[in-house]
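> Mind looking over this structure? Questions follow.
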Amino acid sequence: MGSFVVQMDISAIGFSMSHAAFAGAALGLLLSFSPLLCAVGFALAVALLLGPVSQKAKLSPGVVTGVAFSVTMAIGFVFLNLQPGAAATGSALSILWGSVFALGWNDILMLALLSSVIVIVVFTFRKEFISILFDKKMAEATGLNTDPFYFAILFLTGLAVALSLKFVGGLLVFALIINTAAAANQFTYDIKKVLIISPTIGITSCITGCLISLQFNLPVGTSIVAITALTFATSITLSKKRKKENHSTSQNKPREKT
């Protein structure tokens, strides 16, 4: 889903949903309920509210996002502090920094189910989603009602954020999604290829991060995000797309008269 977020330039909305997922997971711990399900519920609630609220209040999405960002972050820390031992407990720390090794079988089954939902929805409506990514106004001109698909992207992004919470924690969750998509965008203009390259980078980064974590006894989430950041930096250096743009710019630059 990071590819959609980057292409549509709605990263700020994603950050709000990541902190909503963090608040939901903290509430789950406080109530001795599934942190994953609570994280999903909070993230989806914010995803569903951001669009309509910004339209109803006649405010830009950035303003509404800023409010949601601060409120959900504050609520999350309140829930953590209400727990016995709060941030000193392993469960609370896993919410902040994540730990894939803390996943139980129920978590794995839930992750598989919700991931399947994302894949099925994106595959089923791939033409509509790609049309919106390419040019939303053009898609509307062809008669496509873009609002349901735009809200669906927010909904699925919230779901993806909540699913990633267990891996990298509430403070770094959105970096995993954004970094991989940003790296994929350095290699190609083709949206379809970006949608393939981005999750490939994400999976590879998760595996590599876990191996580094085991080898050097480092936090799993931090290791994974560090790998995605390194991948992004490498993609900028090796990007054929950027080299073509620079070459085209140098050719089109007017020569100075002597």
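Any Cβ shown, glycine's included, is placed from N, Cα and C.
Feature table excerpt (TrEMBL):
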TRANSMEM  20-50  transmembrane segment
TRANSMEM  62-80  transmembrane segment
TRANSMEM  111-129  transmembrane segment
TRANSMEM  149-182  transmembrane segment
TRANSMEM  194-214  transmembrane segment
TRANSMEM  220-238  transmembrane segment
> In the same chain, who gets a Cβ under 8 Å from the transmembrane segment (111-129) while lying at least 6 residues past its ends?
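Residues 1, 4, 36, 40, 103, 139, 144, 149, 152-153, 156, 159-160, 162-163, 166, 195.
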> Taking the transmembrane segment (149-182) as reference, which of 20-50, 62-80, 194-214, 220-238 has the most Cβ pairs under 8 angstroms?
20-50
> Counting Cβ pairs under 8 Å that are 6 or more apart in sequence, does the total for the transmembrane segment (62-80) and the transmembrane segment (194-214) reach three or more?
no
> Grab the same-chain neighbours of the transmembrane segment (20-50) for me: Cβ-Cβ under 8 Å, and only residues 6 or more beyond its ends, written as numbers and ranges.
13, 61, 64-65, 68, 72-73, 75-77, 79-80, 82-83, 91-92, 95-96, 106-107, 110-111, 114, 151, 154-155, 157-159, 161-163, 165-166, 169-171, 173
